[in-house]
Amino acid sequence: MNDRIIPWQPTVIAGPKQAMLVTPETAVMMIKKAKRPLMVVGPLAKRQPVLDHTLKIMERWDLPVVTTADTFRVFNERGVETEPYGIVEITNLLKDPEWRGVRGEGQHDLVIFIGCIYYIASQGLSTLKHFAPHIKTLTICKTFHSNADASFPNMDDEEWFRYLEKMHED
Amino acid sequence: MNDRIIPWQPTVIAGPKQAMLVTPETAVMMIKKAKRPLMVVGPLAKRQPVLDHTLKIMERWDLPVVTTADTFRVFNERGVETEPYGIVEITNLLKDPEWRGVRGEGQHDLVIFIGCIYYIASQGLSTLKHFAPHIKTLTICKTFHSNADASFPNMDDEEWFRYLEKMHED
Amino acid sequence: MAPESKKAKDLKGDFWDAKNIQISIGKVITEEEPPEEVRGPKPMPHVTDLRSWDMKLLERYEPFYAPFCDMCCLCTYGKCELLGKKGACGIDAATQQARTVLLACLIGTAAHAGHARHLLEHLIEKLGEDHEIDLGMNVDIEAPITRTVMGKRPRTLGDLREVMDYVEEQMSHLLSACHTGQEGDSKDFESKAFHAGLMDDLAREAADLAQIVALDLPKGDEDAPLIELGFGTIDTEKPVVLCIGHNVLPGADIVDYLDEKGLEEDVEVCGICCAAIDITRYNDAAKVVGPLSKQLRFIRSGVADVVVVDEQCVRTDVLEEALKNRSAVIATTDKMCLGLPDMTDEDPDRIVRDLIEGNIKGALILDPEKVGEVAVKTAIKLAPERKPLKKLPDVEEIIELASECTDCGWCQRACPNSLPVMDAVKKAAEGDLSQLEEMAVEELCYTCGRCEQECERGIPIVSMVTKAGERRVKDEKYKIRAGRGPAQDVEIRRVGAPIVLGDIPGVVAFVGCSNYPAGGKDVALMAKEFLERNYIVVTTGCGAMSIGEYRDEDGQTLYEKYGGEFDAKGLVNMGSCVSNAHISGAAIKIANIFAQKPLEGNFEEIADYILNRVGACGVAWGAYSQKAAAIATGVNRWGIPVVLGPHGSKYRRLFLGRADDEEKWKLNDLRTGEVIDGEPAPEHLLYAAENREEVTVMIAKLCIRPTDTPKGRQMKLSNYIDLHRKYFGTIPDDIDKFIRTEKDIPIVYKKDVMKILEEKNWKPRKVPKEPSLMEMEKG
Amino acid sequence: MAPESKKAKDLKGDFWDAKNIQISIGKVITEEEPPEEVRGPKPMPHVTDLRSWDMKLLERYEPFYAPFCDMCCLCTYGKCELLGKKGACGIDAATQQARTVLLACLIGTAAHAGHARHLLEHLIEKLGEDHEIDLGMNVDIEAPITRTVMGKRPRTLGDLREVMDYVEEQMSHLLSACHTGQEGDSKDFESKAFHAGLMDDLAREAADLAQIVALDLPKGDEDAPLIELGFGTIDTEKPVVLCIGHNVLPGADIVDYLDEKGLEEDVEVCGICCAAIDITRYNDAAKVVGPLSKQLRFIRSGVADVVVVDEQCVRTDVLEEALKNRSAVIATTDKMCLGLPDMTDEDPDRIVRDLIEGNIKGALILDPEKVGEVAVKTAIKLAPERKPLKKLPDVEEIIELASECTDCGWCQRACPNSLPVMDAVKKAAEGDLSQLEEMAVEELCYTCGRCEQECERGIPIVSMVTKAGERRVKDEKYKIRAGRGPAQDVEIRRVGAPIVLGDIPGVVAFVGCSNYPAGGKDVALMAKEFLERNYIVVTTGCGAMSIGEYRDEDGQTLYEKYGGEFDAKGLVNMGSCVSNAHISGAAIKIANIFAQKPLEGNFEEIADYILNRVGACGVAWGAYSQKAAAIATGVNRWGIPVVLGPHGSKYRRLFLGRADDEEKWKLNDLRTGEVIDGEPAPEHLLYAAENREEVTVMIAKLCIRPTDTPKGRQMKLSNYIDLHRKYFGTIPDDIDKFIRTEKDIPIVYKKDVMKILEEKNWKPRKVPKEPSLMEMEKG
C-alpha cells in the first residue's frame, strides 16, 4: 500500500472507509464548490510558515475561521478575527444540522482542518464522519487523515508548504 | 480505494497491514520459490470447474494437499491422496515451527488456500499472520483476503477461472 | 494474595455452616439430619484456586488464537497494533486475545448472573426466602454444580443468594484483571476465563432452579408436553402478544392475567428465543415462534400487536422496527430500557391509552404484573385497528422494489453467510420469488439485516424475504417438547454405567444460538443422526427449536418420534439457555451417583473424572453470543469438549489438542499409580468446524474416552468409522490411535482396521483403570 | 423489573437495620444511640433508580461520541461496520460507543472493586470484622459516599462488606447490559455508565477507608510528612525493592519485615504508581520513584533487584523486561499471575533460592507477609551480583545503536505523542544525546515503547532515552506530601460557605494517570497557577507525583511551598487512585455540613446541590485507563465537571453543554418555585482540551456556579478573564453569559466588560437563591 495514504498514525484506521487523497487543486475545487465552508485552525498552525499560509488561504477564499486551543491568540495579535472554540466544542456544533454556523448563515457544508493535534483531530473527524452526514471534511495538514472525507497525503514539510502555497495562489 | 482489494467481506479489515495483491504469474513465482509449499483445499472447491483446476495446480507443482471439512471425499473418489484436517487443525499445526509438515520433511514455508469458507479462512489466516512468521500465505480464491500475505483480488467466476487456468498452464 | 471471599475464611453467618445449627441460649444444638456432605478441598474456590487444574487442561489443549483485529483499543494510549509487536502497556497479541475472550465470557456470565439475581429476588419477594428447593421424588441432587463449587447443598431460595453473592464477587475480581496493566499471561487469562465460565454455570443453575421451584416448571419430567412451534401456529386473527428475550417473568404474568380474566382463548401469546421456551414451560398454551433467527422476520410480518422485550438477544432496534408496523413496545427490565419513559408507577389504563394513542413511543414497565395487564389490554385494543398492518408489501410491490437493484453486489459481501442475496433480488425483479422464498423457508437467512444496511437503494430485503416466505407460512407448524429441566437421579443411575463404560456411545448436547452457516436444518439432521445411533441427545434454547423445525421422511418432528427420557435414543429438551446447567449437571451426577465421587468442594476430582470417563460432547453450531462463549468455556472446565460452527472461529480462541504429540496424552492410572500412554480422547476441547459433514464425524470421535470398555469402544468406533465412511468415504486414518487392544476393533471393520494397524506398525497398549491427569509429575 | 437487591427489599439480617438492635430473649432493645440518619428516598439505588437524574444531566450535557473504530467485533455475527449502518443485532454507532464506554467504566470499577474487596477481606482476616471505622476527632462524616448511596453509616470493617456486596451485584447487572441484544439506547447506556461510576466511587471509598483505619494511614492530616520522590533519591548502592501497582499490602509487609529485622537502613524500598503513594502513607521511609510514565525507564535502568508487582497499571511485559536485567519478579495477586508458578505454600528460603538460581522465571506468592520476607531476602542476596547490571549501555554503545537507524520515520508515527524520535536518534548517531536526554528529563516520553516495537532494526530506543537521561538522574530529587486522606469536617465547615458563595474561586482536583500530551510539567504549572490564585488544589495518584516533580523559580517543589490544608492555597494530596473518593466526598460533605442536606439515601438532592453550587472541577490531564473513565463518570454523576487531556478524546465519549441554547440552562429556583433563565455553569460536564493553555482557561470557567454571590462571581470572573487574557489575549467573548447583574462585573475590568455587554445587548437577570434541576417540567 502507498505509504502516503496510510493514516499518519497507522492505527487510526477504523474500518473499510478511507479518506479520498486530494491534491491542492482538488482541495481548492472543494472549497469553490462549497456554499458555506469553514476553516478550523489548531495550535500546530501557530508556527511559521504554516501560519502565513493559513492566513493567506483564509483570505484568498474568504473563509470564516475557528481557532482551537489557544490558537486564537496569534491571529488576534495580527488583528485577524477568528472564533475561538475547543476542538470538541466546534465539532459538537458542526454535527448539529440545526446549528447556524459561525456567521449565522446556516450550518457549514465543508470544514477544512489544519494544525490540530493529530489524534484528537482524528477523533473529531470520526465524530463528523459518523454523525454529520451533512458536512464534508477536508484536512490540509501534512499527515493523511483517514477519518476525513478528503485529505492531503503524508509528506514532508517542503512538499507540504508547496501544497499550501497552491491553496492560495491565484 | 480499489474495490478489488477491499476484503471481500469488508469488515475483515484488521489493521494497517493488508495482503499483497497478486496475479497468477506472481502466485506461480511464489510457489516456485517455496521450498516446502502446501495446498489447503476447502469445501467450496468441491464443485466444478474449481475442482479440476485445483487438481491440475496440485499436479503441476507437485503440491501436497490438505483437504478441510469433508473435501477429502471428492479427492478420494478420484483416487487422489490428500490429508484430511479440520481447517483449525491444520492451521494449528502450521503455526508450530517444530511441526514436520504433511510429508514429514519439515514445516512448510508457503501455504496456498483455495475453497475454504471466507470468514473461517480469514480467521485462520489471521492466526498465521500473527503467530506463524515462518510461513507465507497465499489465497487463490476469487475473493480478496486481507489477512493473507498475498491474495487474488475480488473478481467474478469467469476471471477467476482464467486466473486458475494460468496457475497450471505450462 | 488471592482475593479472599469472606465466605471461605469466615463462615459465621453463612448458610453453609449455620444451616444445621440452631442457636439457643448458651447452647448449640445440631439438627438431627446427619451432616450429609463430605467437604472437599476447595469449596468456593477463588480466582486462583483451580489454576493448577486449568493449567493441566491448557497444557494438553493449548489455546489457539485467531485475532479478529490486529489492534487493541481499550485504553487511551491506543489504538496499538499488535501484529508482531507489543502494545504501549506491554501486551502482546496472544495475551490480548485471551483478555478479550475473558471479557466476552464475563459479559456472558453477567447476562446469566444478572438474569439469575433478578429472577431470584423477584421470586423471593413473592414467595419468601424460605421457599424450598424441592425437585420432587426423582431428583435428590437438585444442584450438582452448586454442591460441587459451593461445597454445600442449597435448600431454599434464600440459600441461592449466597451463590449469587459468590458469583458476583468472583466476577468483579475477574473483570478487574481485564484492566490495562493487569494480567500479562495468556494462559492465566484462560484460567480466569475458565473461572468465569464456572461462575456462569453456577448462575445458570441458580436461575433455572429458582424458576423451576418457584413457578412450578417441569421438574425433570420426561413426558413434558409437546408445544406448538412455528409461524404457522399463530392465529393472526386474534390479538397477538409477542415476548422476546430470556426472562420468563413478564410472559408468565401475561398468561396469568389471561387466565385470571378468562381470556386464554382470545389472545395469542407467543415467544422468540428463550423467553418462548420458558413461558411454555410455565404454560403449555403459549406458542413458540422460533429461534432468534426469526426475530426480524416476525416483527416485520406485523403479526404482533404488542412486543414485550425483556433481556438478552433482543434486536436493539426493536423499537424502531416495531414502530414501523405500529406494534406497541413494552420494555420490562433494567437491562434494556430503550430510552423509554418509566411508566412503572403509572395507572395501567393510562399506559394502555398512551401506547395506543402514540403519546409515548413505548413504555418501560419494571413490574411484571403490570406488564401482564398492560400488554393484554393493549393487544386487545390495538388488534382491530392493526389488521391492515398484519401484512407485508404485496408481490407486485416486491418486484418493483427489486427492480431498484443496481447490481453492486455489496449485499452479498455484507451477508455473514455470503448468501446470493443479489441474485435472489434480481430474480425477484423478474417476477421469480423462489430464491427469496428459499432464504426464508430454509432459514438460510437469519434476518440480521446487514444486506439492507448496505444497499445503496435502501431495498428492504428482509421484508421481501419475509413476504416471499409468507406463502408457505402455513406449513411452518411444528412441535417442540417443553423444557423438562434436569435429568432425574434415577435416569442417571440407569445410564451412568453404560455411559462411563461406553455402551451408550455418547451424550451429545445441541445448544446455543442460530448463527448457522447454512440454516437450522443442519442441527436437526445432526440430532437425527445421533438419535438413530443410540446416543442420548440433549438440547436447549434455540438449538432445541431448530431441531423442532424439521420433519423427517414420515412427516414427524423428532420430538414426536423420540421420547424425552435421558437415555439412549432420548431427545431431551432441558429448557432455555440457563437450563444448560443441567447438562454439566448430568455429567457431574454421573460422577457422583455412579462413581460415588463426593461433590462438595471437590471440583478438580469431578472434572478429572468427567474428562476421562464421561463421553459427552457439546455442539453449539450457531453460537454467536458472549453467553455462548461463557457456556462453552464453563463446560470445558468440567472436561467436556464443545464443537462450534464456523462462525465460532470469531470467538478468537479455541482449545485444540495435538494428536501427533504422544506426550500430551499420558495418563496416570490411579489404580496402579502408573503413568501410561494414553490416546487423544477427547482430542480437542473447543473446536470449530466448517460444515455439518465435518462436525458430525468429529462429534462421534469426541465421545471417545479412555475408560471405555472394549465393548463400548467397539460401539463408539463403529459410529466413528460409519460416519467417516459416510462423509469422507474411508475408514479414518487415525483409527489406530483409538485401539488399545484388538478387542477394541469393531467386528464388522475388523479386516480393514487390522490392515491399517499393520501399516501403522500398531502395538497394543495398556487400558487404564482409573485414568487421571492428577498427581502426574511434569514431563 | 429492576433487579431487586435483597438489601433494599428485605432488610432482615443486614447491618443497616440490625445495627442498633440487639436481639434478646423475646424482646428487642434498641441501643441508646439515637437513630441519627434520616433515610432519603433512594437508599441502595438499583440500576434504574437514578435514571431520572441521569436524564436531566444528559439532556443538558448531551453525549458527544468520537468512535475509535467504525466496527463492532463483540459477537460472531460480526464484525459489523456501523458507519451510517446498523449492525446485525440492530445496534447503531452511537449506541455502540455508549456500550463501549459502559464496558470501559465497568472494567475500571471492577479494578477498584476487586482491589477494595481484596484489601477488605485481608484486613478483616487480620483485624476482625468488628474493627472500627474511626477517622479520629476531626472526621465525623467518615464515609460520605457510602452514607449517601447506601443510606447508612458504616461503623466497622464488616459493614464495608455490605457495601462491596451491593457494588458487586450492581456491576453484574450493568455488565449484563453490555451483552449483545440488550440495551438499545445510548442515553440509557450512559445512565448505566453513571451508575457504574457511582459504584466505582463507593468501591474506592471502601478501599481507602479500610486501609486508612486498618493500616493507620494519615487520617485527614494536613501535615502529612514530605516524602522523597524521584530517581535521584534511590540509593543504588543498597539492595533495591521496587513495588509497582496499586495494592499496599505487599509493600506494607516488606517495610514491616525490614522493621522487624532492623534492616530499614540497609534496603531501599521504592514504588511506582499508586503502590508508591500508599506505601509512603504507611511508612514515610519508603520512596516514590514517580508516576506510571517512569515504569519502563526505571526497570530498564536495572536499579531494582526485586520487582514486586501487585495490580493495575503494571506493564504486562514486566517479567520479560525485568529478566533482561536479571531482576527477580514476584507477582502477588490473582489479578496478575504472569504464568508464574504458585509458590504461596512453599518455604520462603526455597523460593529465594529458586529465584536467585533462576530455577523459576519468577514467583507467584499470594501471601503478602511471605512476599515481605522473600522480597527482602532476595534483594539482599541478589544485589551484590547484580551490581554490574545496574547500568545501561554506555554512551558509545548508544551512538553505535543509533547509527543503525534507517530513517524510516515509523518510530515517530507510532509514538502516541508524535515525538521527533527519529530526529533524536539521528542526532545521537552524530554523538549528540541532548534530544534523547530531553525526552527523558522533560518526561516528554512516557516510555510506552511503541517506537521500539515499530523499529525495523530493533533499536532499543527507551533504553537509550533512559541512558541519556542518566546524567541528570541525580537532579531528579523531589518531594511529595504523603497522601493525607479525606478533608476534615472542620475544614469543610471553614471553606463550605466561601466555596458555595464563590469566595474561594474553586476546588481544582488534579488526578489520574500520566498519558500527558507534553510531559508532566504541564500539570505542575496548572497547579501552580491555581494555587497562586487562591483556589484549593487537590490531587491524587500520578497527578500528585507529577506536581511534585517540578521546582519553581525558588527551587522548591510546590509541596514545600504550599501547605496541605483543605483551604484556599492548600495543595492537598489526598492519596492514591482510591483516595479520589475523598474528592467527591468533600463536595458531598459541603452539602451536608454547610447546607445541612441529609445524606442518607438522598443522592439526587445532593448531586443537584453540588452541580449548582459547589465550584469544583476535576482535571485528569493524563487519563489513560478504564479506571480513569470510571472515576470521571462517577464524579460527573455527582454534578462535578471533569476536563481531560487530548488523549481523553479516545475514551470515545464526552458530555458537552451548548452555551448557545438558552433552553438548556433553565433553572428551578426552589426558594420561589419559579423556573428562570440560567447560565452555562458549569458549561461542560466532560471535556477534552488540546493543550495546557486551553485547559487552564476552561478550568477557571468551569468553576462558576449559579449560586455564586456577586463578590464570589467577581472573583471567579476575574480569574477567568485574567487567564483568558494571559493565554488568548482578550477578555472572553462569552463573558456576558456569566454576568447576572452589574454587581457581578470585576471592578478592574468594568469598563471593558461593560462595552462587551453593550455590544451584546445584555440584560440583567434574576439571581436564583436555590437553583435546581429538580421538579422542572420538561420544555
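Cβ coordinates are placed from backbone N, Cα and C, and glycine is handled just like the others.
Caution: TrEMBL annotation is automatic and unverified by curators.
Annotation source TrEMBL lists [4Fe-4S] cluster 1 binding site at C:CYS69, C:CYS73. Take the CB of C:CYS73 ([4Fe-4S] cluster 1 binding site) and look out to 10 A: across all protein chains shown you find 17 other CB atoms.
Around the Cβ of C:CYS72 ([4Fe-4S] cluster 2 binding site), a 10 Å sphere holds 26 further Cβ atoms from the protein chains shown. In this structure, C:CYS72 ([4Fe-4S] cluster 2 binding site) is part of a beta strand by DSSP. Marked as [4Fe-4S] cluster 2 binding site by TrEMBL: C:CYS72, C:CYS75, C:CYS80, C:CYS89.
Under the heading CO binding site, TrEMBL lists C:HIS112. Around C:HIS112 (CO binding site), the C-beta neighbours below 8 angstroms that are at least 6 residues distant in the chain are C:ASP200, C:ALA203, C:ARG204, C:ALA207, C:CYS577, C:VAL578, C:LYS627, C:ALA630.
Secondary structure at C:HIS246 ([Ni-4Fe-4S] cluster binding site), taken from DSSP and collapsed to helix, strand or coil, is coil. Sequence annotations record features per position, and here TrEMBL assigns [Ni-4Fe-4S] cluster binding site to C:HIS246, C:CYS274, C:CYS313, C:CYS513, C:CYS542, C:CYS577.
Residues or ranges marked as [4Fe-4S] cluster 3 binding site by TrEMBL: C:CYS405, C:CYS408, C:CYS411, C:CYS455. The C-beta environment of C:CYS411 ([4Fe-4S] cluster 3 binding site), restricted to residues of the same chain at least 6 apart in sequence and closer than 8 Å, consists of C:VAL421, C:MET422, C:VAL425, C:CYS451, C:GLU452, C:GLU454, C:CYS455, C:ILE461. According to DSSP, C:CYS411 ([4Fe-4S] cluster 3 binding site) is assigned to a helical segment.
Classification of C:CYS451 ([4Fe-4S] cluster 4 binding site) by DSSP places it within a helix. Per TrEMBL, the feature [4Fe-4S] cluster 4 binding site maps to C:CYS415, C:CYS445, C:CYS448, C:CYS451.
Marked as domain '4Fe-4S ferredoxin-type' by TrEMBL: C:395-425.
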Pop the Cα-Cα gap between C:CYS408 ([4Fe-4S] cluster 3 binding site) and C:CYS415 ([4Fe-4S] cluster 4 binding site) into the table, whole Å please.
14
What is the separation, in Å, between the Cα atoms of C:CYS69 ([4Fe-4S] cluster 1 binding site) and C:CYS542 ([Ni-4Fe-4S] cluster binding site)?
29
Using a Cβ-Cβ cut-off under 8 angstroms and a sequence gap of six or more, which residues of the chain neighbour C:CYS313 ([Ni-4Fe-4S] cluster binding site)?
C:ILE244, C:GLY245, C:HIS246, C:CYS273, C:CYS274, C:LEU292, C:CYS513, C:SER625
Cα-nearest neighbour of C:CYS408 ([4Fe-4S] cluster 3 binding site) within the listed binding-site residues, C:CYS72, C:CYS80, C:CYS445:
C:CYS445
May I ask you to pick out the binding-site residues among C:CYS72, C:CYS89, C:HIS246, C:CYS274, C:CYS411, C:CYS513 with a CB closer than 8 angstroms to chain B's CB atoms, ordered by sequence, or 'none' if no residue qualifies?
none
Row C:CYS408 ([4Fe-4S] cluster 3 binding site), column other C-beta within 10 angstroms, all chains, value 14
Can you name the binding-site residues among C:CYS75, C:CYS80, C:CYS445, C:CYS577 whose Cβ is less than 8 Å from some Cβ in chain D?
C:CYS75, C:CYS80
Counting only residues outside C:HIS246, C:CYS274, C:CYS313, C:CYS513, C:CYS542, C:CYS577 in the same chain, those with C-beta within 8 angstroms of the [Ni-4Fe-4S] cluster site's C-beta centroid are C:CYS273, C:PRO291, C:LEU292, C:GLN312, C:GLY541, C:SER576, C:SER625, C:LYS627
With C:CYS75 ([4Fe-4S] cluster 2 binding site) as the reference Cα, tell me which of the binding-site residues C:CYS445, C:CYS448, C:CYS542 is the closest one.
C:CYS448
With a radius of 8 angstroms around the mean position of the C-beta atoms of C:CYS405, C:CYS408, C:CYS411, C:CYS455, what other residues of the same chain does the [4Fe-4S] cluster 3 site pick up?
C:THR406, C:ASP407, C:GLY409, C:TRP410, C:VAL421, C:MET422, C:VAL425, C:CYS451, C:GLU454, C:GLU456, C:ARG457, C:ILE459, C:ILE461
Integer Å distance between the CA atoms belonging to C:CYS445 ([4Fe-4S] cluster 4 binding site) and C:CYS73 ([4Fe-4S] cluster 1 binding site):
32
Please average pLDDT over the domain '4Fe-4S ferredoxin-type' (C:395-425) for the predicted structure.
94
Excluding C:CYS415, C:CYS445, C:CYS448, C:CYS451, which residues of the same chain place their Cβ within 8 Å of the centroid of the Cβ atoms of the recorded [4Fe-4S] cluster 4 site?
C:CYS411, C:ALA414, C:PRO416, C:ASN417, C:LEU419, C:VAL421, C:TYR446, C:THR447, C:GLY449, C:ARG450, C:ILE461, C:VAL462
Would you kindly determine which binding-site residues in the set C:CYS80, C:CYS313, C:CYS513 have their Cβ under 8 angstroms from any Cβ of chain A, listing them in sequence order or replying 'none'?
C:CYS80
Fewest other Cβ atoms within 10 Å: which of the binding-site residues C:CYS89, C:CYS405 wins that one? Let me know.
C:CYS405
In the structure shown, which of the binding-site residues C:CYS448, C:CYS542 has the fewest other Cβ atoms within 10 Å?
C:CYS448
On a C-alpha basis, identify the one among C:CYS72, C:CYS80, C:CYS89, C:CYS405, C:CYS542 that is nearest to C:CYS445 ([4Fe-4S] cluster 4 binding site); the candidates are the binding-site residues.
C:CYS542
